[in-house]
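*Asks:* Residues or ranges marked as domain 'FAD dependent oxidoreductase' in TrEMBL: A:8-41. The feature domain 'Glucose-methanol-choline oxidoreductase N-terminal' is assigned by TrEMBL to A:68-271. According to TrEMBL, the feature domain 'Glucose-methanol-choline oxidoreductase C-terminal' maps to A:452-506.
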Amino acid sequence: MTSTESTDVVVIGSGFGGAIAAYHLAAGGARVLVLERGPWLQAEEFEHDFKLGSSYTRVFDFVVGDGMSILGGNCVGGGSVVYFATMPRAPRFVFERRGSIGRRMWPASITRDTLDPWYDRVTEALPVTRQSWEKVPYAGGLFAAACAHAGRTANPSPSAVDVDECVNCNWMMAGCRFDAKRSLLLNYLPAAVAHGAEIRPLHEVQRLTRLADGGYRVHYRVVDEEDYRILHDSGEIDAKLVILAAGSGATPVILQRSEPDLGRMPHAVGRYFSGNGERLNTAILDEDKVRDVLGLSRPDGSAYAAYQIGRGPTVASWDRLDGSLPEYERFSLEQLYFPPGLGTILAQVPGATGPSWFGLEKKEMLRQWQSWLTIFTMSEDDNEGVFGPPPETGNAHRLSMQMLGDGPLRYRPTANTWRGWSLSDAAVKDILERDGLARVAPWTNDLVGAYTVHPLASCRIGDDPATSALDDRHELRGHPGIFVTDGSAVPGALTVNPALTIAALAERAMPGIVRAARERGVAVQYGAPAPDGSTAARVAVAPTV
Amino acid sequence: MQPDNHDVDPARTATIEAYADTVVPGAKRSPDDRAVAGAALGGGAVAAGAVELLEQPGGGLAEALDSMVYTLNDHAAGYATAHGLALDDGVPAFVALPFEHRTALVLELTAPEHPEKQMWVALALFSNMAFDSAAHLTTADAFANRHPGLLTIGYFPPDADGLFRFPQYSYGRALAPLHPQTTVTGDPA
Ligand SMILES: Cc1cc2nc3c(=O)[nH]c(=O)nc-3n(C[C@H](O)[C@H](O)[C@H](O)COP(=O)(O)OP(=O)(O)OC[C@H]3O[C@@H](n4cnc5c(N)ncnc54)[C@H](O)[C@@H]3O)c2cc1C
């Protein structure tokens, strides 16, 4: 069964890029339809449960590629529902990066200074707040103390968690039961709906075709609500303007599949993918040393043994975010929690004599799980990911009814990428093996390749048409009326968590997108306040639009 | 979804168990347990429910298990020949392999260059997942049944309503100097 509807704007995906666009366009008066492949869950549906089929596997997505696996959200709200809500701004030097292309990767119009007012808009909207040491969970405190012991600095990271509401359950990856985490379900999306936007969950967009009037037809399939391997009806929606925000692992795939009808895609569609230079190390702490060397103890008498307690990453070390260091040698380190199920298999036994990721020694390591500390590196990779031919539907061949699939991304880390990873491995060892505090080993890349929760750059903005798919207004080169506002538009690795930068870029793109919609005959205006009505940040950006 | 395994072949189950036990080894369930090698103390992936998890149709491996079992035993027979090992032919070849050889074979099959790597990694991933997160049970039931994996890793149990909360969570004090260039918003400069 196929039916054709029409609207002003179709937004594909409801993560940061999609939600922000949907809100501004709807608030400005456009008819907006959001198509999201995943289900639409509310706080009371977010379970603390590892069972296959619980909210945890319904809202999560894990696509294994050739040399790189991507973790992300699969629900209304996208990655914001499963994310850890650590929301720092990218350091100034990031915008000056050249990467492998021999020229500045970012458009000339974007620097940290020009992006700051747009960062402000997002921090007001979610909101994002500065954090205090008093409320940093044990794991973050431990990492901070170890950094200080090693002569380094550490900072509580800015966060979009309302810490007064947070119970430190560390179930953020299954969605926040307590609405303490400021996901998009609490701000941009309900505000978009209040302004008339319609969100359709379980609608997976497959491709776009061009209409005679310069608009686009969006082709989707309805996804089974329990078994995502099953696709039901198909449908089509005609729109004057399309916002593509399916995430860096899906946006280029939709465009590749659309190429036979739309015509040639820019060279950079599906190229220059970055995993944000991610790398993980797991440390197994010696509890006695934690007490004796760092002087830490908990009310129950233990020193640490609290891996399970907290709210993801809360403390970061920014000593290597130094713009005077050479490119590929700068990175941040962040304490992290990763739940069992996904978070133990790749951890390797430090100094293993047999297999490092399974077997006898691994089981012994698992016995000490509460004394683990995971350290997350975000470094400068080389944009070396390339997407192969698209799968039949979606962006992956789905293996399990939910969560697990394999996709067409190929990633072979270059020597540059390895330089950052090796330097950061050494830094983690220096901090955590000092005075016998812990034993440390990086996660293996042998099983699912490298892995990222921060996919970026697969359809990026830039000034050079040869190496960027979008112009600096986020319009797809050669395909007017298609805009990309998700993480795929970010030019490269950021050395910090990316969601705030993705969101700030989407905010920055909105005045131009509204203008383009008007030129296409949509009655829409730019100028909505923050979703809760706050106006300080809107006032601040007004002179720039 | 319920596993559909009423009339599965015991040799098939034993082979899967032996693989899962190689990933997370455990104690023998009885003195004549052949599938579980008994290489480690306490329950391993098998006692944790690896077979139940793998047999769930929703997991995606259930349909492939027959052919995986066949292939695994084929590899095991080949491995035995190559290493001059005589195998007891009363049990499947992989089950007949001593633990250290099962381990060596799993290492070979999951190595980056092995053409079937993805399938053997997936089998290991699910075996591990049964142990460390009991993904075939609700987490509350897993605790009620004293799930060996969750107990081994020391996972703290939920409150009576099935939700986790940790009222004590912080050392409550500054533990490192801030980066000197931190901005007023608490960001890197
Ligand atoms: C476990 C985890 C923790 C994280 N923690 C942090 C953190 O602390 N700080 C931070 O900055 N970042 C974090 N991130 C990353 C952050 O979530 C992402 O960078 C961000 O969500 C990306 O936004 P986006 O708009 O690019 O895409 P997404 O948020 O991924 O949204 C894309 C949406 O499109 C949907 N979609 C995909 N294909 C289709 C299709 N064909 N049709 C319709 N819909 C489709 C997806 O289901 C998804 O909802 C984390 C990610 C994970 C997985």
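Cβ coordinates are placed from backbone N, Cα and C, and glycine is handled just like the others.
TrEMBL labels come from automatic prediction, so no person has curated them.
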*Asks:* Pull the DSSP breakdown for the domain 'Glucose-methanol-choline oxidoreductase C-terminal' (A:452-506) and write it out as helix, strand, coil residue counts.
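*Replies:* Counting residues by DSSP class gives 11 helix, 9 strand, 35 coil.
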*Asks:* Just to be sure I understand, if DSSP states are collapsed into helix, strand and coil, how many residues of the domain 'FAD dependent oxidoreductase' (A:8-41) fall in each?
*Replies:* 12 helix, 9 strand, 13 coil
*Asks:* Averaged over the domain 'Glucose-methanol-choline oxidoreductase N-terminal' (A:68-271), what pLDDT does the prediction give?
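*Replies:* Summarising the domain 'Glucose-methanol-choline oxidoreductase N-terminal' (A:68-271) by its mean pLDDT gives 98.
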